[in-house]
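Participant: My questions will all concern the structure given below.
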Amino acid sequence: MSESPAQEARTRTALVLYGSETGNAQEVAEELGALAERLHFVTHVAEMNSVKATLLTILPQEMLRSFTFTIFVVSTTGQGEIPANARSFWRSLLLKKLPPTFLSGVNYVSFGLGDSSYPKFNWAARKLHKRLLQLGANEIYPRGEANAQHPEGLEGTFIPWITDFRSHLLDKYPLPEGLHPIPDDEQLPPKWVLRLQEPATTGDELTEGTLSSEQTVSDEYPGLTRLDHDVRPIPDALTATLVENRRVTPRTHWQDVRQISLTVPDAVTYAPGDMICITPKNFDEDVQALIDMMGWGEMADKLVSLAPGEKLQAAGELHAPPIPGLEKYPKLTLRALLMDYIDIRAIPRRSFFSAIAHYTSNEMHKERLLEFTNPEYLDEFWDYTSRPRRSILEVLHEFHSVKIPWQHVTTVFPVFRGRQFSIASGGELKRTSGGGAKFELLIAIVKYQTVIKRIREGVCTRYLSVLRPGSTLKVQLQRGGLSSSVNQLVGPTVLIGPGTGVAPLRSMLWEKAAFVKAYREEHPDANPPIGPTILLYGGRNRAADFFFEEEWQELSDLIGLQVFTAFSRDQRHKIYVQDIIRRNFGLFFRLLHDMNGSVYICGSSGRMPQAVREALIEAFEHGGQADGPQLARRGAEEYLIGMEKSGRYKQETW
């Protein structure tokens, strides 16, 4: 007896594994998972570390080989590194005992997310791709690479790639006769749904810890949704207190830059180059606007919980909830969820338009929403979303017929991803008088106007800009890409940091100063064994954005810091940090070539790091003494590449 099309389709399976630092790779993985579902593959989407090393090394056939194919989606972090939620999986692939046939029979495709302003563009995806091939896996479709520097962002390369990939899957794995792809205008079952919390069970007393589903918590616990009081159970987070939020640029300056100081009571340790990750919150007026538009008023302040949808209830542990730790949130209401977790001011992806098209009965609105999901209308999609930076809240206001069920909030809307900020404090600035840890940040408040003449604000910096001293917020301490050894830190160093890019470099300088002070205390009659230190700082105007100017003289006395500045608007001809390098070829050749020094570059991605790289290559080419070593162009490029490989050339840009 032959199988029915539905029975035959159940043998089609797909696994989508992602490694994501900021959430972009996870969003791409979810979109690829939805694509596979629409082609009738039973699909699982999970972070790479969820495939435990024991499963991978002991039961490979039951895991990776059991799927028709596996899609690996990975972003590159730091200096070509694998994201934290994929590292244990990656390390398990590097075991020396694995034979070259270990992954034979595993069909895979990979997609990487990177930034071409970094020397190691998409390094993580390329490393993973190469290792999978070494272990015998079979690539079923050419890997894709997204570039954050694309004019349309990551989707500029992802959308054409996924469109062609869909056609390839239909050719390679044709659907059983009588079965057709699930069309975009047909809704997929939600993976996770919100539900009213169960009323208190009989015999239980109603205390502060248990409220029935008919009660609201807005009056009883007003602090839960306060912007300046953070109760979110974010995994691996510290509860920090904001002690300073000071504007360091003049009121007349075009940019609002803040020096923000946070403290925690414990003596947490961190190193120069490390980062603080802050998850933003929404403003009450924005949340109320969404509640009003959707008609969620009656539900807004009732207790809710997140539960797996019908398809996930028996799917096993691979499917992690979209918001880790949410079950520990005290008194979770729909309003609290929207305030603390849902990114309603994000620029929508194509998948958002596909999702909300199912929640309107207005045929004109539905047709237009689905047009935005069609690859043939990519330019219109970008003209409507990324180019004017139009937010989800604005889209829903314009497509006012869309009414999303509150139960589907986490399926339709993106969740907040933490924003990373380089720590600016180091050495003696890292500790409070009470022995706790202190984190100082230098943050530019994002606020600008787009082609549709509306003011745009960064979601996280808008949140930070209004926090007052005494506010609490949950922060995650993360390793950064500028980490260095002690020898590198105290050796010859060139630090290049225009604008707020100077933040992690300040941390390095104060760390070097702490080393010098400690050495002098132990060896009062000896000079500290430190190399020359040069800071290249760039800004618009010396009077407006020369951050930490008063500290550089103190550091000059302590560690011999030499500061070069490039203020682009203080004279008729613009000057940038790369111009300083070109004026001092001999100096940079001596420090970085003759003395084997290290260079650290931090600031905006795009033209600056590329221009600095080119200027350094020119310094290696032309900066040598007439009677000393000379490098041709090829040799200069190879020398800089060698610096990268040995960790003497590091870049952190955004």
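Cβ coordinates come from backbone N, Cα and C, glycine included.
Annotations for this protein, taken from Swiss-Prot, read as follows:
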type: DOMAIN; residues: 14-166; note: domain 'Flavodoxin-like'
type: BINDING; residues: 20-25, 75-78, 113-122; note: FMN binding site
type: DOMAIN; residues: 235-485; note: domain 'FAD-binding FR-type'
type: BINDING; residues: ARG389, ARG419, GLN420, PHE421, SER422, GLY458, VAL459, CYS460, THR461, TRP654; note: FAD binding site
type: BINDING; residues: THR500, SER568, ARG569, LYS574, ILE575, TYR576, VAL577, GLN578; note: NADP(+) binding site
Participant: Please list, in sequence order, the residues in the chain of THR461 (FAD binding site) that are at least six apart in sequence and whose C-beta is under 8 Å away from its C-beta.
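Facilitator: THR461 (FAD binding site) has long-range Cβ partners ILE443, ALA444, ILE445, VAL446, LYS447.
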Participant: Look up GLY23 (FMN binding site) in the DSSP assignment and report helix, strand or coil.
Facilitator: coil
Participant: Determine, to the nearest whole angstrom, how far the Cα atom of PHE121 (FMN binding site) is from the Cα atom of ARG569 (NADP(+) binding site).
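Facilitator: With the alpha carbons as reference points, the distance is 32 Å.
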Participant: If the NADP(+) binders are THR500, SER568, ARG569, LYS574, ILE575, TYR576, VAL577, GLN578 per the record, what's the largest distance between their Cα atoms, in Å?
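Facilitator: Overall maximum Cα spacing for these binding residues reaches 19 Å.
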Participant: Could you check which of the binding-site residues (GLY78, SER568, VAL577) sits closest to VAL459 (FAD binding site), going Cα to Cα?
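Facilitator: Smallest Cα separation from VAL459 (FAD binding site) among GLY78, SER568, VAL577: GLY78.
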Participant: What's the CA to CA span in angstrom from SER568 (NADP(+) binding site) over to SER75 (FMN binding site)?
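Facilitator: Cα-Cα distance, SER568 (NADP(+) binding site) to SER75 (FMN binding site): 34 Å.
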Participant: Taking the residues ARG389, ARG419, GLN420, PHE421, SER422, GLY458, VAL459, CYS460, THR461, TRP654, which the record names as binding FAD, find the longest CA to CA distance and state it in Å to the nearest whole number.
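Facilitator: Largest pairwise Cα separation, rounded: 25 Å.
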Participant: Going by Cα-Cα distance, which of the binding-site residues (SER75, ASP115, TYR118, THR500, ILE575) sits nearest to ARG389 (FAD binding site)?
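Facilitator: If we rank SER75, ASP115, TYR118, THR500, ILE575 by Cα distance to ARG389 (FAD binding site), first place goes to ASP115.
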Participant: What's the CA-CA gap between ILE575 (NADP(+) binding site) and TYR118 (FMN binding site) in angstrom, rounded?
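Facilitator: Answer for this pair: 23 Å between alpha carbons.
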Participant: Long-range same-chain neighbours of ASP115 (FMN binding site), Cβ under 8 Å, sequence gap at least 6?
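Facilitator: The answer is THR76, PHE121, ASN147, ALA148, GLN149, SER605, THR653.
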Participant: Name the secondary structure element type, per DSSP in three states, that contains THR461 (FAD binding site).
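Facilitator: In the DSSP reduction, THR461 (FAD binding site) maps to helix.
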Participant: Sort SER75 (FMN binding site) into helix, strand or coil using the DSSP assignment.
Facilitator: strand
Participant: Among the binding-site residues VAL459, ILE575, VAL577, point out the residue whose Cβ has the most other Cβ atoms within 10 Å, with all shown protein chains included in the count.
Facilitator: VAL577
Participant: Tell me, roughly as an integer, the mean pLDDT over the domain 'Flavodoxin-like' (14-166).
Facilitator: 87
Participant: Around ARG569 (NADP(+) binding site), which residues of its chain at least 6 apart sit with Cβ under 8 Å of its Cβ?
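Facilitator: ARG569 (NADP(+) binding site) has long-range Cβ partners ARG540, ASN541.
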Participant: About how far apart, in whole Å, are the alpha carbons (Cα) of TYR118 (FMN binding site) and GLN578 (NADP(+) binding site)?
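Facilitator: About 17 Å separates the two Cα atoms.
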